[in-house]
Amino acid sequence: MKRSAFFISDGTGITAETLGQSLLAQFENITFNKFTRPYIDSVEKARAMVQQINNAADKDDVRPIIFDTIVNQDIREILATSNGFMIDIFSTFLAPLEQELSSHSSYSVGKSHSIGHNSNYMERIEAVNFALDNDDGARTHYYDKADIILVGVSRCGKTPTCLYMAMQFGIRAANYPLTEDDMERLQLPAALKQHREKLFGLTIDPDRLTAIRHERKPNSRYSSYAQCEFEVREVESLFRRENIAHINSTHFSVEEISAKVLVEKGVERRFK
(Lines of atoms letter the chains of each structure in order from A and count residues from 1; the text may use other names and numbers.)
(Lines give C-alpha, C1' and ligand atoms only; values in the text may rest on other atoms or scores of the structure.)
Protein backbone atom coordinates (compact mmCIF):
# COMPACT_ATOMS: atom_id res chain seq x y z
CA MET A 1 0.00 0.00 0.00
CA LYS A 2 1.27 3.48 -0.92
CA ARG A 3 0.37 6.90 0.44
CA SER A 4 1.75 10.38 -0.14
CA ALA A 5 2.86 12.41 2.87
CA PHE A 6 3.60 16.14 2.94
CA PHE A 7 5.65 17.96 5.59
CA ILE A 8 4.66 21.61 5.25
CA SER A 9 5.95 24.64 7.12
CA ASP A 10 6.30 28.40 6.86
CA GLY A 11 9.81 27.91 8.29
CA THR A 12 12.49 25.32 7.61
CA GLY A 13 10.16 22.33 7.90
CA ILE A 14 12.49 20.59 10.34
CA THR A 15 9.87 20.16 13.07
CA ALA A 16 7.12 18.96 10.73
CA GLU A 17 9.47 16.54 8.98
CA THR A 18 11.05 15.15 12.16
CA LEU A 19 7.79 14.49 13.96
CA GLY A 20 6.02 13.32 10.81
CA GLN A 21 8.80 10.89 9.92
CA SER A 22 8.74 9.46 13.45
CA LEU A 23 5.00 8.88 13.32
CA LEU A 24 4.98 7.37 9.82
CA ALA A 25 7.80 4.99 10.78
CA GLN A 26 5.29 3.17 13.00
CA PHE A 27 3.45 1.92 9.89
CA GLU A 28 5.94 -0.48 8.34
CA ASN A 29 3.39 -2.09 6.01
CA ILE A 30 2.78 1.17 4.15
CA THR A 31 5.14 2.82 1.65
CA PHE A 32 5.07 6.60 1.84
CA ASN A 33 6.07 9.00 -0.91
CA LYS A 34 7.37 11.88 1.20
CA PHE A 35 7.51 15.55 0.20
CA THR A 36 9.00 18.31 2.37
CA ARG A 37 7.77 21.80 1.53
CA PRO A 38 9.43 24.56 3.63
CA TYR A 39 8.72 28.30 3.53
CA ILE A 40 5.07 28.10 2.50
CA ASP A 41 4.66 31.63 3.83
CA SER A 42 2.23 33.35 1.46
CA VAL A 43 -1.30 32.90 0.19
CA GLU A 44 0.01 32.26 -3.33
CA LYS A 45 2.36 29.51 -2.15
CA ALA A 46 -0.43 27.97 -0.08
CA ARG A 47 -2.75 27.80 -3.09
CA ALA A 48 -0.03 26.19 -5.18
CA MET A 49 0.53 23.73 -2.34
CA VAL A 50 -3.17 22.83 -2.33
CA GLN A 51 -2.88 21.99 -6.03
CA GLN A 52 0.10 19.71 -5.37
CA ILE A 53 -1.77 17.91 -2.61
CA ASN A 54 -4.86 17.46 -4.76
CA ASN A 55 -2.76 16.16 -7.66
CA ALA A 56 -1.21 13.58 -5.33
CA ALA A 57 -4.68 12.58 -4.12
CA ASP A 58 -5.85 12.06 -7.71
CA LYS A 59 -2.73 10.09 -8.62
CA ASP A 60 -2.83 7.82 -5.54
CA ASP A 61 -6.62 7.60 -5.46
CA VAL A 62 -6.43 8.26 -1.71
CA ARG A 63 -5.92 11.47 0.22
CA PRO A 64 -2.37 12.36 1.30
CA ILE A 65 -1.27 12.75 4.91
CA ILE A 66 -0.26 16.33 5.76
CA PHE A 67 1.92 17.34 8.71
CA ASP A 68 2.11 21.10 9.07
CA THR A 69 3.63 23.65 11.39
CA ILE A 70 2.07 26.69 9.75
CA VAL A 71 1.70 29.68 12.08
CA ASN A 72 -0.33 31.99 9.83
CA GLN A 73 -4.04 31.29 10.23
CA ASP A 74 -4.93 32.43 6.68
CA ILE A 75 -2.43 30.00 5.17
CA ARG A 76 -3.64 27.17 7.40
CA GLU A 77 -7.22 27.77 6.28
CA ILE A 78 -6.20 27.58 2.62
CA LEU A 79 -4.34 24.30 3.19
CA ALA A 80 -7.41 22.95 4.97
CA THR A 81 -9.35 23.19 1.68
CA SER A 82 -7.10 20.55 0.10
CA ASN A 83 -8.06 16.93 -0.33
CA GLY A 84 -5.67 15.78 2.39
CA PHE A 85 -5.76 14.48 5.95
CA MET A 86 -4.22 17.30 7.98
CA ILE A 87 -2.30 16.96 11.22
CA ASP A 88 -1.68 20.48 12.52
CA ILE A 89 1.24 19.94 14.86
CA PHE A 90 1.14 23.34 16.54
CA SER A 91 -2.58 23.37 17.29
CA THR A 92 -2.51 19.71 18.37
CA PHE A 93 0.13 20.30 21.03
CA LEU A 94 0.08 24.02 21.81
CA ALA A 95 -3.60 24.32 22.76
CA PRO A 96 -3.47 21.83 25.67
CA LEU A 97 -0.06 23.19 26.66
CA GLU A 98 -1.42 26.74 26.78
CA GLN A 99 -4.22 25.54 29.01
CA GLU A 100 -1.85 23.73 31.36
CA LEU A 101 0.58 26.66 31.56
CA SER A 102 -2.17 29.30 31.71
CA SER A 103 -0.26 31.24 29.08
CA HIS A 104 -0.54 31.99 25.37
CA SER A 105 2.22 30.84 23.04
CA SER A 106 4.00 33.29 20.73
CA TYR A 107 3.29 31.26 17.55
CA SER A 108 6.60 32.49 16.13
CA VAL A 109 7.99 31.06 12.90
CA GLY A 110 11.25 29.13 13.34
CA LYS A 111 11.47 29.89 17.05
CA SER A 112 13.46 26.82 18.07
CA HIS A 113 15.98 27.15 15.25
CA SER A 114 16.79 30.85 15.47
CA ILE A 115 20.53 31.52 15.47
CA GLY A 116 20.15 34.95 17.00
CA HIS A 117 18.36 33.61 20.06
CA ASN A 118 20.26 30.34 20.40
CA SER A 119 23.03 30.67 22.98
CA ASN A 120 24.19 27.17 22.01
CA TYR A 121 24.97 28.07 18.41
CA MET A 122 28.72 28.60 18.78
CA GLU A 123 29.05 25.53 20.98
CA ARG A 124 27.32 23.48 18.29
CA ILE A 125 29.73 24.78 15.64
CA GLU A 126 32.74 24.04 17.84
CA ALA A 127 31.52 20.49 18.45
CA VAL A 128 31.03 19.88 14.72
CA ASN A 129 34.50 21.25 13.95
CA PHE A 130 35.93 18.98 16.64
CA ALA A 131 34.22 15.93 15.10
CA LEU A 132 35.57 16.80 11.65
CA ASP A 133 39.09 17.55 12.87
CA ASN A 134 39.24 14.33 14.88
CA ASP A 135 37.62 12.04 12.34
CA ASP A 136 39.16 8.70 11.40
CA GLY A 137 41.99 8.88 13.93
CA ALA A 138 43.41 11.99 12.26
CA ARG A 139 44.51 13.95 15.34
CA THR A 140 44.79 11.74 18.39
CA HIS A 141 46.68 14.38 20.41
CA TYR A 142 43.38 16.21 20.99
CA TYR A 143 41.62 13.22 22.57
CA ASP A 144 42.00 14.75 26.01
CA LYS A 145 39.35 17.29 24.96
CA ALA A 146 36.91 14.65 23.68
CA ASP A 147 33.73 13.68 25.53
CA ILE A 148 33.53 10.37 23.67
CA ILE A 149 35.82 8.40 21.36
CA LEU A 150 34.08 5.89 19.09
CA VAL A 151 36.15 2.91 17.96
CA GLY A 152 35.44 0.17 15.46
CA VAL A 153 36.25 -1.17 12.02
CA SER A 154 36.22 1.11 9.00
CA ARG A 155 32.71 2.02 7.71
CA CYS A 156 30.70 0.84 10.71
CA GLY A 157 28.98 4.20 11.31
CA LYS A 158 31.44 6.08 13.51
CA THR A 159 31.63 9.33 11.53
CA PRO A 160 27.89 9.99 11.06
CA THR A 161 27.27 9.16 14.72
CA CYS A 162 29.96 11.62 15.85
CA LEU A 163 28.57 14.36 13.62
CA TYR A 164 25.02 13.75 14.82
CA MET A 165 26.03 13.96 18.48
CA ALA A 166 27.92 17.18 17.72
CA MET A 167 25.04 18.78 15.81
CA GLN A 168 22.24 17.73 18.13
CA PHE A 169 23.84 17.79 21.56
CA GLY A 170 27.13 19.69 21.34
CA ILE A 171 29.10 16.55 22.19
CA ARG A 172 32.79 16.60 21.27
CA ALA A 173 33.11 13.18 19.69
CA ALA A 174 36.22 11.73 18.05
CA ASN A 175 36.51 8.41 16.26
CA TYR A 176 39.32 5.95 15.66
CA PRO A 177 39.28 3.14 13.07
CA LEU A 178 40.79 -0.12 14.29
CA THR A 179 43.01 -1.58 11.57
CA GLU A 180 44.36 -5.02 10.82
CA ASP A 181 47.65 -4.02 12.49
CA ASP A 182 45.77 -3.14 15.70
CA MET A 183 44.05 -6.53 15.65
CA GLU A 184 47.31 -8.41 15.21
CA ARG A 185 48.76 -6.72 18.33
CA LEU A 186 45.81 -8.03 20.37
CA GLN A 187 45.67 -4.81 22.37
CA LEU A 188 44.44 -1.25 22.19
CA PRO A 189 46.53 1.22 20.16
CA ALA A 190 48.74 3.42 22.33
CA ALA A 191 46.73 6.53 21.38
CA LEU A 192 43.61 5.00 22.96
CA LYS A 193 45.01 3.42 26.11
CA GLN A 194 45.24 6.65 28.09
CA HIS A 195 41.64 7.54 27.22
CA ARG A 196 40.06 4.18 27.98
CA GLU A 197 37.23 5.74 30.01
CA LYS A 198 36.06 7.67 26.93
CA LEU A 199 35.97 4.70 24.55
CA PHE A 200 32.80 3.21 23.11
CA GLY A 201 32.79 0.51 20.45
CA LEU A 202 30.64 0.12 17.35
CA THR A 203 30.38 -3.19 15.57
CA ILE A 204 28.32 -4.30 12.56
CA ASP A 205 27.14 -7.47 10.83
CA PRO A 206 29.78 -8.66 8.32
CA ASP A 207 27.33 -8.92 5.42
CA ARG A 208 26.18 -5.34 5.95
CA LEU A 209 29.78 -4.14 6.21
CA THR A 210 30.58 -5.95 2.96
CA ALA A 211 27.74 -4.16 1.16
CA ILE A 212 28.83 -0.74 2.47
CA ARG A 213 32.49 -1.26 1.58
CA HIS A 214 31.59 -2.63 -1.85
CA GLU A 215 30.06 0.74 -2.73
CA ARG A 216 33.38 2.40 -1.93
CA LYS A 217 35.87 -0.19 -3.23
CA PRO A 218 34.08 -2.91 -5.23
CA ASN A 219 35.74 -6.27 -5.81
CA SER A 220 38.60 -5.53 -3.42
CA ARG A 221 40.05 -7.43 -0.48
CA TYR A 222 38.86 -4.53 1.69
CA SER A 223 35.23 -5.19 0.74
CA SER A 224 35.34 -9.00 0.64
CA TYR A 225 33.11 -10.90 3.04
CA ALA A 226 36.08 -12.87 4.39
CA GLN A 227 37.95 -9.68 5.31
CA CYS A 228 34.88 -8.03 6.83
CA GLU A 229 34.03 -11.13 8.85
CA PHE A 230 37.62 -11.36 10.11
CA GLU A 231 37.77 -7.70 11.17
CA VAL A 232 34.40 -7.76 12.92
CA ARG A 233 35.26 -10.96 14.78
CA GLU A 234 38.64 -9.64 15.92
CA VAL A 235 37.34 -6.23 16.96
CA GLU A 236 34.48 -7.74 18.97
CA SER A 237 37.02 -9.99 20.67
CA LEU A 238 39.14 -6.92 21.47
CA PHE A 239 36.12 -5.11 22.92
CA ARG A 240 35.37 -8.04 25.21
CA ARG A 241 39.00 -8.48 26.24
CA GLU A 242 39.45 -4.79 27.04
CA ASN A 243 35.99 -4.52 28.61
CA ILE A 244 34.87 -1.79 26.20
CA ALA A 245 31.12 -1.19 26.05
CA HIS A 246 29.83 -1.61 22.48
CA ILE A 247 26.73 -2.08 20.36
CA ASN A 248 25.95 -3.52 16.93
CA SER A 249 25.01 -0.62 14.66
CA THR A 250 23.44 -2.74 11.89
CA HIS A 251 19.78 -2.30 12.74
CA PHE A 252 19.88 1.09 14.46
CA SER A 253 19.56 4.60 13.08
CA VAL A 254 22.20 7.24 13.81
CA GLU A 255 19.75 8.81 16.27
CA GLU A 256 19.32 5.52 18.14
CA ILE A 257 23.04 4.78 18.20
CA SER A 258 23.79 8.25 19.56
CA ALA A 259 21.20 7.94 22.32
CA LYS A 260 22.51 4.52 23.35
CA VAL A 261 26.11 5.76 23.41
CA LEU A 262 25.27 8.74 25.62
CA VAL A 263 23.26 6.61 28.04
CA GLU A 264 25.91 3.88 28.26
CA LYS A 265 28.73 6.37 28.86
CA GLY A 266 26.70 8.63 31.14
CA VAL A 267 27.60 11.70 29.09
CA GLU A 268 25.31 14.69 29.56
CA ARG A 269 24.15 16.58 26.50
CA ARG A 270 25.55 20.11 26.44
CA PHE A 271 22.19 21.37 25.26
CA LYS A 272 18.80 19.74 24.88
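The backbone N, Cα and C atoms fix where each Cβ goes, and this holds for glycine too.
The ADP binding site annotation in Swiss-Prot covers Gly152, Val153, Ser154, Arg155, Cys156, Gly157, Lys158, Thr159, and the record cites sequence analysis as its basis. Sequence-distant neighbours of Val153 (ADP binding site) (same chain, 6+ residues apart, CB-CB distance under 8 A): Pro177, Leu178, Thr203, Ile204, Leu209, Cys228, Glu231, Val232, Val235.
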For Cys156 (ADP binding site): DSSP state (helix, strand, coil): coil
Mind giving me a neighbour count for Gly157 (ADP binding site)? Other Cβ atoms within 10 Å of its Cβ, every protein chain shown. 23
Among the binding-site residues listed here (Arg155, Lys158), identify the one with the smallest other-Cβ count within 10 Å. Arg155
